[in-house]
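Engineer: So TrEMBL has the following annotated:
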ACT_SITE  Asp97  active site, nucleophile
ACT_SITE  Asp99  active site, proton donor
BINDING   Asp97, Asp380  Mg(2+) binding site
BINDING   Asp99  GMP binding site
Amino acid sequence: MAAAARRLRLLTHCGSLSSALPSTAPRSSRGLCTLSTTLRSGAGEDEIERIRREFEDAKRNYLSIPAAIKDMPKMNPQGIYVNKNVKLDDLQVYGFDYDYTLSHYSEHLQCLIYDLAKKHLVNELKYPESCLKYEYDRSFPIRGLYYDRLKGCLLKLDFFGSIEADGCFFGRRKLSLSEIKELYGTRHIGRDQVRQLVGLMDVFCFSEACLIADIVQHFVDAKLEFDASYVYEDVNQSIQHVHRSGLIHKQILSEPQKFLIKKSQVFRFLKMLREKGKKLFLLTNSPFYFVDGGMRYLLEDQHFDGNSWRELFDVVIAQANKPTFYNSDHPFRVYDTQKDTLAFTAVDKFLPDQVYYNGCLKSFLQITKWRGPEVIYFGDHLLSDLRGPSKAGWRTAAVIRELEAKLSIIHDLLGKVHATVVSTEKGQVYRALLDELNAERRQCRSGMRDLFNSSFGATFLTDTGRESSFAYHIHQYADIYTSKLENFLSYAPESWLHPPHDIKIMPHNAKVPASLFSTS
């Protein structure tokens, strides 16, 4: 056994989701396939059989793994995860986006956006009426995908800008690795190709990604020629129309109980900040009437009435036009909430009983005198919400609602971990065995990724354990990230948040000690 171990090391990808075997993944109870007869001779056969037995021994160790893992500290789905040191006591100003930050929506919202945009494509942009048959598929998209406007593919990229082997779709068809290489030449996206990619980074992009794929598939099925860039432009225009026309806002406010999810803890968090003497501001792209209606509904059980929710904030800014807000020179305008009009007088100070439209970061800083690390801004869109504040020296916090679900899946997966054959010193004589065992590994990985998303897998990782491009943007623009605002209630106001000293992957990913999988 020891000799075989020297020739073939059984390793585990500790700390990586690629090493986790889901409970639904197929077992190897059928045994390994019969090796080629060319390898069945003399000492070679004995060595291969020893290696085979060692691999089977490693898999039988599954039975002892769950008990040990139960004693490991689990990552908290309601935790705050840290990329850069943040001392909460130093933060004097808290800023918030509205959608998917202060407010949370049910799955009905994605269906609504998809349906309204689909109808706009057909009724206004004259797409074929047969496009109306498509429906939003919640199991298809994940956050952080890219659309290739030249080739028409939806892509999942890793931390280094390479296409995941199972992360390229043309329409609703997954392309094989050979098709990816034929189309792109290599899996790595070069600088010249980056310009043709569009990132789909926020939660609203779920419906957009699904609609893009369905429209591409429609043209493919109908055998119609099409320009992939036109598909993006038209779908994106339709999605923007849904928001800018107010269709979606009116529908949500007409049935708030269907679309909005009440979270009383959000109010507790905001009230706690006020009691601690912190300054609060709201900075959103949504129109005021929509924010006002939503906040009234969300806080109606908190004994608030009238405009009282605005008393929580020192400054309220609507229709801010982020990310343009961060680098433009647009002036602020006072918004008359009664007449639905904008004043013509210049804004040189912010009053707590006023609502402001438009504006820019430069004027905001001049008026408030709030600077750098004393300000933290919360948002869900890494590029539109957080990139500008990060460059301005603010602290940034990403609200990533998928985090809780991902961590729950991870906890389930940790019960069974897949031991993987990765190398051999003998080389060619063991090639057939290595291929068999790697095929089994790929089968297990496929089962694991399906637990996250049957099309693109996990949001934060590729199926080989590398961090995704979405994870890269979190590292780059979010000092901290969490699943929802109220998670901060579990932390003392003077807490000092710092990343783990040994972190090599994202802070929320549990690391499994290799000692659990020793076969000696």
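Heads up, the Cβ atoms here are built off N, Cα and C, so glycines get one too.
Caution: TrEMBL annotation is automatic and unverified by curators.
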Engineer: Identify, in sequence order, the residues in the chain of Asp97 (active site, nucleophile) that are 6 or more apart from it along the sequence and have a CB within less than 8 Å of its CB; answer 'none' if there are none.
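Structural biologist: Leu283, Thr284, Tyr377, Phe378, Gly379, Asp380, His381, Asp385 - these are the non-local Cβ neighbours of Asp97 (active site, nucleophile), listed in sequence order.
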Engineer: Near Asp99 (active site, proton donor), how many other Cβ atoms are within 10 Å of its Cβ?
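Structural biologist: For Asp99 (active site, proton donor), the 10 Å Cβ neighbour count is 23.
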Engineer: Across all the protein chains here, work out how many other Cβ atoms are within 10 Å of the Cβ of Asp380 (Mg(2+) binding site).
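Structural biologist: For Asp380 (Mg(2+) binding site), the count of other Cβ atoms within 10 Å is 22.
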Engineer: Is Asp380 (Mg(2+) binding site) helix, strand or coil when read with DSSP?
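Structural biologist: The three-state answer is coil.
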Engineer: Three-state secondary structure of Asp99 (active site, proton donor) from DSSP?
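Structural biologist: The three-state answer is strand.
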